[in-house]
């Protein structure tokens, strides 16, 4: 600037610096108003900051407080009351008081207060407008407010003003520059009788965007965030029925500068030429100036030329080093761009780019030796082999040897020179024989889980360092991370790749990469990994009958070996696990994607899955199909395992094996006393119950009945089962044992004696002996009626109170294999001597017991029977707790499973020899 003041914080008590910030206390409008810039300086130069403007907002009082002259107007005439704001700085707003505070003039279509001038405009005066008007000026920055003297408005008495066309008193200039992103406000107001209506338009006919707002009865048009597309000619139209007038003005788009091109830090040698250019956009078009170390450069200055945004300096010298700034400016702002110029002068140096002490190259290759000294100005270079000067140089000083031979080996030196000195660098060139690949990998097919070695072997010059690496499908193999599968074997001349436990994901392209000091080679092969097929998908039941189901599916991946066939498996609520089913065709080849399952049971809910196979083996099964129920049919089989017995007095209990066959399903039960001809029939339709109880007080106890059971559904009745004999419920013994007494046998044994019973009408199955002492009740039973009138009890030998657990079983054909974890006796229990396996057949009336001293057993089962199996530990204390029952359904052949055994509570025997004895008859 023309008037610059250097601020010296050390000699100015009001101004001091903190870091790079200037702090001014006790601000003074006269001393501190102005434009500030900061200069930052270091050893490389100085730069000037952007400009910061400091202005003070203020609002003086109106100069004269004397009453203003009255304004005389006719009724119906328009009038303008001038505000004439005092001297000020900062944004102002205006209002008018009518007569006295706080009665303010309300703006409407008839009255308008310009926020540009502060004047009050009344389009058409009415009698109610007569009074005193005071202009109120408010500074929005300081909050100061000043009031003018009142201006009286008086009606003239010489008549009323007639109607007249609008006269625009408030309008915007013909040319309005608007800065980018600024808020533009245009005012337009007219006097007239009748009161004019104000409207706006663009002369181009383009409608206003939604951001444009009109206020104060359209007297104000606001355009926020002004952009290039908002520029153009705007027209304000004032109209009443007497006529109309218009005012026009053009909004031009202005923008502060922004950079298109700036300079960058540059290092040049002495005597070189500098050319820097900066370009900026802006409206108005920016002007440019240049600074060096914070001071403006004046042009021309001999070697220094400035033209628009370009700076050129010829024949640089060390004094030209420093910080340079380009400034682009227009009326809307300034922008700065800075860069450093380093002018360098030094002798040649190879410290950063010496020749390698030993250089290797392959026979027949092209050898390039670079000579890149650091020198300012650039050095002149020459090459020597030994003491012989070489002339075959490239323009940049590089030495190139085409089709190198053994004769080109030797010592090479590059010598560089400029006016400040000379330097050299030397290296030895060794010519080697080409490397050859002697064994390459070949395309290979392999089965999942196998291992393979891909060979990669070479013959190379012994002077060369060789390294091997492998890439798989374009990615380098990390032998540490993937060491479970990949290993490089073979030593320095062999890079063989060992792949262990090959998976499907290992199929692809393998590349052996050989790197030496002088060349890189590669060889590749394709590894095809074959495995069992992937799981089929989308298994769908297309059609189903009472005994067949038509299925379709989509194939899975063949995993390198074509699919040769499919197997279909099914599962129902009545089977254990998945089982293969019969199909049509019987053998499903790999080209088929549909088959019909046959031999299904009616009215059973089935799930199906498909397993694919190829030459490698069976694949994973498909996801299960949606559960689908076969159609119902007339029952074609009779219920099996018809039996029964037990119950309470006057009851006949009949049981059978459940069937499942259609809607309206139920059972018909027929029975008659043994020896009679007439059958009694009953029907039940409760699903899931294979038991019927007939109650009648005339039924003799333990009387034989002939029983048969048939099934029916909505389609009809099926056949009856074969006739079985079932006994009615028994009566309990009518007489209790008498003359019960005890005799001590030993420290741990006691003999219980009672009187033998006479013949009774009820059947006697055995005795129950109870020991009751210290509120502990111990029961002994005699299910085989071996006790007649006495029994000896060993009271303190306890059976194990835990059941065998973790029972695993496998069914292959008709052979059932069981094994379980051993039971370990506690200190208070007798030692386990073996295990009792109870095999209950059909309705569990047929019981077979098998003793073993091992924890595994194999049983041969009938494929047409149902079984319930339990395992118990055995000891001198008797049988232990039984395991959870294992149910083996007649459809479970070929299945496997396990039992999670829950422990059952048992009574612990801890009785002294003295106690109360109770004997019961069963």
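Every residue number used here counts from 1 along the chain in the order it is shown.
Here the Cβ of each residue, glycine as well, is placed from N, Cα and C on the backbone.
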Any idea which of 591-618, 619-646, 647-674, 675-702 is down as region 'Disordered' in TrEMBL?
619-646
With DSSP helix as H/G/I and strand as E/B, how many residues of the domain 'Ig-like' (348-432) fall in helix, strand and coil?
3 helix, 47 strand, 35 coil
The domain 'Fibronectin type-III' (535-633) resolves under DSSP into 0 helix, 46 strand, 53 coil
When you scan the chain for residues with a C-beta under 8 Å from the region 'Disordered' (619-646), skipping those not six or more beyond its ends, what do you find?
532-537, 539-541, 544-547, 549, 551, 553, 556, 559, 569, 571, 578, 600-613, 652-659, 661-663, 665, 667, 690-691, 707-722, 724, 726-729, 842-843, 845, 866
Report the mean pLDDT of the predicted model across the domain 'Fibronectin type-III' (535-633), rounded to a whole number.
94
